[in-house]
Amino acid sequence: MSFKCIFLTGGVVSSLGKGLTAASLALLLERQGLKVAMLKLDPYLNVDPGTMNPYEHGEVYVTNDGIETDLDLGHYHRFSSVNLSRYSTATSGQIYARVIKKERDGLYLGSTVQVIPHITNEIIEVILECARENHPDVLIVEIGGTVGDIESLPFLEAIRQFRYEHAEDCFSIHMTYVPYLQAAGEVKTKPTQHSVQSLRSIGIIPDAILCRSEAPLSSEVKKKISLFCNVPSTAVFNVVDVEHSIYEMPLMLSQEKISTFITEKLGLFTKKEDLSDWEMLVERLRHPLPNKIRLGLVGKYVQHKDAYKSVFESITHAALSLNCSVELFPLDSDDPHFLETLELCDGCLVPGGFGSRGWEGKIIAAKLCRERGIPYFGICLGMQVLVVEYARHVLHLEHANSTEMDKDTPDPVICMLDWQASLIATGGTMRLGAYPCALSPGSKVYAMYGQPEIMERHRHRYEVNFNYIQQLKDHGLDIVGTCPEQGLCEIVEIKDHPWMIGVQFHPEFLSKLIKPHPLFVGFIEAALLHSRNKTYV
C-alpha cells in the first residue's frame, strides 16, 4: 500500500474530543514532514448534516467544493493544512445510498445485498478514494460515535477487514475516558477496560490507547490499563482537560510523544517536529492580553456553543493577532432585553442562519449599531439583516423584507435565486462552496484583503434583489464585492459608518490560528478603536 492509515475510534462516552485529537495528530505529522489526508466517517443515516438541527449537531462546515460536513472538519482545517473535500467525509446515509444505487443499476448481478460484504466493501472503497484523491503519506480516519453503538458496527468491521489486508500499514488508536470519582478519591479504569474489550470482540486490537482524564494519570494507572487491555505500557497515552484553549492539544500530544511512537511503528522516517510558532501563540493565549473588548454575538442558537464554532474560533484567532482579549456575549435575538447588553458592547456580530425566529430582533440590533456607530459584522443572514434594516429605515421601505421571512412582502430586497425557485427538495438546493468575489478598490474590504479578487465559501439560498441595488447605492449602502460570473452582491459597506460590513459568504470557514481571516482582524480592530471611546461599567 502506498500510504499508511491511522484509525481513531472512541469509547466509554461521546464528545471525547476525537476530532481535536485527529486534527492535532495531523499537525504533528505535518510538522514531521509528512503529507496528511483526513477522513471523517459518521455513522448517522442522514446523507449529510445540512438539514440537521444545530442544537443537536452543531454547526455545518462547508468545503471548497460545496460539501456540507461535520464540524470536526473545521478542526481539521484550523489545525492543519490538509485538503478537505467531498472525499474527506462520509456518512452511513451516503454509504447506503451508494450501495442501493449500485443494486438498482444491476451492478451486484442479482446477489443478495447485505451489510457484509456490500456495505463494508463500500466503506473500504471510501477510504481508498480519499487516498487516491490526496496521495498522502498518512491518512487519518476518524470514526464517529462510540464503540458499542449498533450504528458503528459496519464501520468497525470494515476497519477490521482493512487492517487484516494491510496490517503493516495500519495503526489503530482507541480513545477512552478515565473518570475520577471524588467520593472514592481515585480514578477508575474499568470503563476503559470494557471499551477495549468491546473493540477486541469485533476483532480490532488497538495499537495505542489514548486516555482522556481530568488530571494526569499516574504510571501505576497506565500500567493497570496496559495489563488489562493487553497493550504495552509505552502505548498508553494520556491527555488531560486543557486549561485555557483547545490549541494546547497538539502540545500535550507532542509531550506524550505519540506521533513519534506512531511513525516508528509504521516505519516512517521523519524529521523532528517543530512547534515553536504554535507554542508561542498558545503561550500568549495562556496569559492576559493588554487590550480588551466586548463583543455581542446576536443569533438564535446561542445556547449551544457548537452552533457557531467556527465563528468563535475565528474571533479568537483575530483577537490574538492583535494582542486582544474578548469578552463574548452570546445574545438571543428573541430575548426582549438583549439590547441592554448589546449597548455596552464594542462590536456586534450577526452570524449565518435560517428561518424567521429571531429575525426581527437581529434587525433591531443592526439598527442600533448603524445609529450609534457600533462596529457591525454581518455574515450570510447577518448581511441580509443589514440590507433589510437599511431598506426599512434609510430608504423608508417600511415593509421591506426577505422572501424567506415574508413571501408576500411588497419590497423583497432579499429574494431566492431564480435558478432555485423551481427546486422543491430542501437538502442540496443551496449555493454551496467557494466562489470568486471581485472587490471594489478604495473600499474597507479591499484594504483588508489587499487584493482585487478573493475566493470565499457560501451556504445560502437568498441574495440581494437586483431590482433594489441602485436604490441602496444611492442612499449610501456601497456594494463593494460582487461575483464576477453572475454579478451577485457579495459584500456591502455603509459609506458613512465607522465599520458596518455584511458578507454573503462564510469567512469563518477559512480562518486559522496561524493565519487569522482578514475580515475578522478588521472587525476586531474596529471594535478596539470603538472601545477607546468608552468606559466599562
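Note: Cβ is positioned from N, Cα and C throughout, glycine not excepted.
For the ATP site, Swiss-Prot lists Ser15, Leu16, Gly17, Lys18, Gly19, Leu20; matching the candidates Asp72, Asp105, Asp137, Asp149 against that entry yields Asp72. In the record from Swiss-Prot, residues Tyr55, Gly353, Leu381, Gly382, Met383, Gln384, Glu404 bind L-glutamine; the candidate from Arg286, Arg294, Arg461 listed for the same site is Arg461.
Swiss-Prot lists Ser14, Lys188, Thr189, Lys190, Pro191, Thr192, Gln193 as binding UTP, and of Lys223, Lys224, Lys257 the one it places in that same site is Lys224. Considering other CB atoms within 10 Å as the measure, the emptiest surroundings among the binding-site residues Thr189, Gln384 are those of Thr189.
If you take the Cα of Lys190 (CTP binding site) and the Cα of Glu142 (Mg(2+) binding site), they are about 24 angstrom apart, rounded to a whole number. Looking at Ser14 (CTP binding site) and Asp72 (ATP binding site), their Cα atoms lie 13 Å from each other. The closest partner of Thr192 (CTP binding site) among the binding-site residues, by CA position, is Leu20; the full candidate set was Leu20, Gly353, Glu404, Arg461. Remark: Glu142 (Mg(2+) binding site) has Leu8, Lys18, Gly19, Ala22, Met38, Leu39, Lys40, Leu41, Asp72 as non-local neighbours, by Cβ distance under 8 Å and separation of at least 6 in sequence. Distance noted between the C-alpha atoms of Gly382 (L-glutamine binding site) and Leu20 (ATP binding site) is 29 Å. According to DSSP, Lys224 (CTP binding site) is assigned to a helical segment. Between the C-alpha atoms of Lys188 (CTP binding site) and Leu16 (ATP binding site), the distance comes to 16 Å.
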